[in-house]
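Engineer: Okay, these came from TrEMBL:
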- 1-262: domain 'RCC1-like' (DOMAIN)
- 7-56: repeat 'RCC1' (REPEAT)
- 57-109: repeat 'RCC1' (REPEAT)
- 110-162: repeat 'RCC1' (REPEAT)
- 163-214: repeat 'RCC1' (REPEAT)
- 215-269: repeat 'RCC1' (REPEAT)
- 272-325: repeat 'RCC1' (REPEAT)
- 326-381: repeat 'RCC1' (REPEAT)
Amino acid sequence: MALSSAGSVYTCGLGKSGQLGRGGTDTQHTFGPVKLPEQCYAINSGGLFTAVVTTSGAVYTFGCGKHGRLGTGHETDQLMPCGIKGELDRKVIQKVSCGSWHGAAVSDDKNLFIWGHGRSHGVMGYSPCPDIACPTLLTGSFSGKVAGVACGNNFTLMWTVDGMAFSWGSGRYGVLGQGNSDDCPQPIKITGLQELVIVHMDAGFAHNGAVTSDGVVYMFGRNDEGALGLGGSSAHKEVTIPQRIPDIPPMTKVSCSVGEHHGHTLFLARDGTVFACGDGYKGKLGFGNQQSLQRPVQIPKENFSGEFIIAVSSGGIHSAAVSQAGHLFTWGCGSDGRLGHPEGKGHRYLFRSDIPKIVPGLAQVIDVSCSYYHTVALLQGK
C-alpha cells in the first residue's frame, strides 16, 4: 500500500480489555488517537482486540490477550499497542486480520503467519495444536503465495496471488465452503471457487463472502435473515458450497457481520455505492428502519450525502463506511459508544442511528474496521 494511504489510528467503543489502545479500560463514546511509534497503513479489529500494521511493516496489537490472540508470547491484556515479534521479526507485513480468538498476517514475500487459539478445530492450519502465543509461519501441505487472509470465529480464509481460495478450522454452519459442516485442520481449496479468480474475501462470525476479479460475489455459511443475500426463503439456514449472488452490479468488497446473531452483510460496488442485506436489527442496514432483507439492496446515496464510498465494515450490530471525501459514516446500535457519536454518551442500551451519520470531529478518514464492541478508524497524515 502506498504511504500516501498511511496515517494515525483512532478508536471508540467498549474498552474493557484495552482493545481501544488508549491506555485504559473505560468506554469511549468519541474517537480518540492511539499512540504508536509511527504511522500505520492497515488496521483490523477482532474479538476484544485490535491489530495495526505500521509503515515499516511492523505489527502492533492491543486488547484481550486470552489464548494468545495478541501474538505477544503471553496472555496478558495490553492497554497500549505492543509490538509483536516471533517469526514476524525482520519481516515486512502488508496485511493483518483479527478473528474472534486468533490473528494472521501476510508478509511482503507472500507468506502467512498465524497465532492465537488453536486447541480445537485446526484453526492454526494443523492438528493437534495448542494455543500459539507468537506468530508462526503456516507450513504443512500449503506452499503457495498468499495474497490475503480473513480470520473468522475459529476458522480462517485465505486467497493466493493466482486467485485460489482456501479455508480451514471449524466447519460449523458450513463456513469452510466444503459442502459440509466438518472441521478441517489444514488449508484446502474451497469447493465451488476452484475455477474462479478470487481477489477478496471476508470472514464473519458465521458467514463469509468472496469477490472474483470480475466483481462477482459468492456467499456461504449461515443464512440468518438473508445475510447471504441469495434471496428466497431463510429456510435454507446453511449454505455449505459458495453460491453466486445474481443480479447485482460488480463489487470490490464484501463485509460480513462478526456477531453470533443478527447476521448482515455490506457490499461495496465499483461505482462507490453500498448495498446491504440480512437482519435489520438496530437499523444496521442503514435504510431508516429495522426491516430485514433477503437480497442486497442499495442504500440510498443521499444517506451518504451523495459521497463516493471507498470502504465499508460490518460489526456485530453496527456498520460503518468511509467516503472518498474522508468522512466516516456509522449507523446501527450505538450502545457503549461504538458509533463514535457524542450524543450517544449516557445511552448504554437504547441509542441507535437507523441511517448513516457522519462522525463529527474526524477528517481525512481512509479506512475503518468494526468489531462487535468497538470501531477503529485510520486517518490520513495525522
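Keep in mind that glycine also has a Cβ here, set from the backbone N, Cα and C atoms.
Each of these features: where is it, how hidden is it, and who are its neighbours?
Structural biologist: Applying DSSP to the repeat 'RCC1' (57-109) sorts its residues as follows: 6 helix, 23 strand, 24 coil.
Per-residue pLDDT, averaged along the repeat 'RCC1' (110-162), amounts to 88 for this model.
Note on the repeat 'RCC1' (272-325): DSSP counts are 7 helix, 23 strand, 24 coil.
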Engineer: In the repeat 'RCC1' (110-162), how many residues does DSSP call helix, how many strand, and how many coil?
Structural biologist: 0 helix, 23 strand, 30 coil
